[in-house]
Ligand SMILES: *[C@@H]1O[C@H](CO)[C@@H](O)[C@H](O)[C@H]1NC(C)=O
């Protein structure tokens, strides 16, 4: 009997892996419970449904403060901020921009992003993978415009208008993750050896040393 259960579990796991990034829910909801000493699972534990309340599905979001070196602020509404998202395969972020503010090149390893501009003018783009020749797709977006960034690809948004800008991004995972390229490379902890970076960027070691000493700013963590 145990062997049968084991096979069923393996089949369930493999089929969900090929069909989606977040497994399809097997119940109406599975509100994330805070579990400190539990085992690591692919998602969060469910709160007892009898204890679930409307607040578990609710979050209020204010514009983020943009007085920082990149002039932007990403306010995440992922499963950590909104427990009701657990197992649902969706999340959201609000992005605010000061004039010239940049949401620096980054990727979401687990999610496609679709963006709508609420206010202002954004120059946005993404770069395709090596096999596609690292092609760059860009567009200038105004209020009401929608753009999609395919899963895993490096993308950015720059405020090219005269005033502030704001956008809402929806993501196809409860926990899409974010890797900001400059930070991941030049501010890794512990640091990536300058031998690796010098060769990778084909520049003088002094440039890499300089870059590693910069206080890279992450508005996206
Ligand atoms: C983003 O905005 C929030 C809310 O105003 C603020 O607490 C936070 O420090 C800001 N983050 C950055 C990176 O500026």
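Here the Cβ of each residue, glycine as well, is placed from N, Cα and C on the backbone.
Remember, TrEMBL labels are computer predictions, not curated facts.
Taken from TrEMBL, the feature signal peptide covers 1-20.
The disulfide bond annotation in TrEMBL covers 30-46. For the recorded site, residue 46 (disulfide bond), the DSSP three-state label reads strand. Shown in sequence order, 27, 30, 31, 32, 33, 86, 87 are the residues of the chain, 6+ apart in sequence, with a C-beta less than 8 angstroms from the C-beta of residue 46 (disulfide bond).
Per TrEMBL, the feature domain 'Cupin type-1' maps to 58-209.
Using a 10 Å radius centred on the Cβ of residue 108 (oxalate binding site) and all shown protein chains, the other Cβ atoms total 24. What TrEMBL lists as oxalate binding site is 103, 108, 113.
Around the Cβ of residue 113 (oxalate binding site), the number of neighbouring Cβ atoms within 10 Å comes to 24. Annotation comment: TrEMBL describes 106, 108, 113, 155 as Mn(2+) binding site.
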